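As recorded in TrEMBL, the features of this protein are as follows:
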TRANSMEM  19-39  transmembrane segment
DOMAIN    26-478  domain 'Major facilitator superfamily (MFS) profile'
TRANSMEM  87-104  transmembrane segment
TRANSMEM  111-130  transmembrane segment
TRANSMEM  136-158  transmembrane segment
TRANSMEM  170-193  transmembrane segment
TRANSMEM  199-222  transmembrane segment
TRANSMEM  284-308  transmembrane segment
TRANSMEM  320-342  transmembrane segment
TRANSMEM  349-373  transmembrane segment
TRANSMEM  385-406  transmembrane segment
TRANSMEM  427-447  transmembrane segment
TRANSMEM  453-474  transmembrane segment
Amino acid sequence: MPAVGGINTGGGKEYPGSLTLFVTVTCIVAAMGGLIFGYDIGISGGVTSMDPFLLKFFPSVFRKKNSDKTVNQYCQYDSQTLTMFTSSLYLAALLSSLVAATVTRKFGRKLSMLFGGLLFLVGALINGFAQHVWMLIVGRILLGFGIGFANQSVPLYLSEMAPYKYRGALNIGFQLSITVGILVANVLNYFFAKIKGGWGWRLSLGGAMVPALIITVGSLVLPDTPNSMIERGDREKAKAQLQRIRGIDNVDEEFNDLVAASESSSQVEHPWRNLLQRKYRPHLTMAVLIPFFQQLTGINVIMFYAPVLFSSIGFKDDAALMSAVITGVVNVVATCVSIYGVDKWGRRALFLEGGVQMLICQAVVAAAIGAKFGTDGNPGDLPKWYAIVVVLFICIYVSAFAWSWGPLGWLVPSEIFPLEIRSAAQSINVSVNMLFTFLIAQVFLTMLCHMKFGLFLFFAFFVLIMTFFVYFFLPETKGIPIEEMGQVWQAHPFWSRFVEHDDYGNGVEMGKGAIKEV
């Protein structure tokens, strides 16, 4: 038996085929769906640190920030209305992801991407031309609906199109697009904030139309996945599509397994209710706890509010925006490390190393801020070396997340679900992710005001817990075809008690009456 929670993948089925140019281009285009999510994460924090934006929509925050110099630095952005501007998007994404599960299953992954792009496009237009706070909120809600659809469909699409040997790297293209979106948003915020007349924030918010158009047009030209075609009864086209994306004619073995899994799936009338069955206990646990822990790393505190956070701990506005750009660059580069290594080193290794690295960095940042700011939040003049230390360790923290919990938080759930519960389980995954993103975005500035530097220790505690969780409960899924994923639960020292051999056949995920020996 390998390390606790691992699995020996030797002896598993190997489908023929290679990584074709067609699949590579298709997955790159599909992964662009992450741009809308990343752009919004990056843009909201920068905009809320721009004085013209605050003066127009949140004048009380503007006064606390600029007029009242006695205000505790930890509390200068503490406004429930301001945080609602950011967090309303994620509440909307939570609600739309529930609808998106049905759309994705019955009408295909492409249509769900199209809905996501169109909704995000309309939301960006409303935000760019907003004159009142209610317009901002309505725009954010539409953006959230778009993100809910995109986050539901894109990871599934990538996992189903990619050859299993390269599934990790291609699926992480989604996370890479998120990080690129964050970086682009941070760079645009930096330059748009310098526009005379104070209307640069409109360009920042309205600029979301560009990634929205990319995913909208992309969804129209992308081919459907063989899994989705089979699921909707079009087997001849599905086989031709599988031959095209694998680059060979002999795809009978993989195709037959896909058909058998689909037949099992079609017998499932209530996928939501079926999620509660004992044999799906491991899948449901991962669908809930992985996105829960991903948000409790505290990463969105950094990404949502990087400029606000840096401003709150004493950096000037330009320095705060530039610091956000620096963390954005680190985010992109580190995600490329994950793309390179996820199918070489495995998911668990990256999860565990990233957890240890984040834990150390959060402890150092908490100590640095606590030593300088104390509990009154008034540090006086900050020396340059101090700012460098804080930004350096935040960057090391961001890099750890970007090659571990960032991409793997989307990859692992999208590849472990059997077809009969895949859309419903992915919807749970997205919903939990958006719920806790919403909660953290809504309460973060209040928590910063009250918990002060202890906030970083709060998140460090959860990083410790989730690292133990991965070590003991998450199996290795590297190099295992999606249709054979049942073996990781059968071989796991804990989850094997919930999953019986007959639940998945001999290595292929199929229901009763559709078992195929391999």
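A Cβ is built for glycine as well, from the same backbone N, Cα and C atoms used for every other residue.
Because TrEMBL annotations are produced automatically, they should be read as predictions rather than curated entries.
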For the transmembrane segment (385-406), distant same-chain residues with Cβ under 8 A (at least six beyond the ends):
175, 178-179, 293-294, 297, 299, 302, 310, 313-315, 319, 323, 326-327, 330-335, 337-338, 341, 350-351, 353-355, 357-358, 361-362, 364-365, 368-369, 372, 466
With a Cβ cut-off under 8 Å, give me the same-chain residues at least six positions beyond the ends of the transmembrane segment (199-222) that come close to it.
26, 29-30, 32-33, 35-36, 39-40, 43, 46-47, 50, 52-53, 110-111, 113-114, 116-118, 120-121, 123-125, 127-130, 139, 143, 146, 150, 157, 181, 185, 188-189, 191-193
Counting only residues 6 or more past its boundaries, what in the same chain has a CB within less than 8 Å of a CB in the transmembrane segment (87-104)?
40, 44, 111-112, 115-116, 119, 137, 140-149, 151-153, 156, 423-424, 426-427, 430-431, 434-435, 437-439, 441-442
Counting Cβ pairs closer than 8 Å, which of 19-39, 111-130, 320-342 has the most of them with the transmembrane segment (349-373)?
320-342
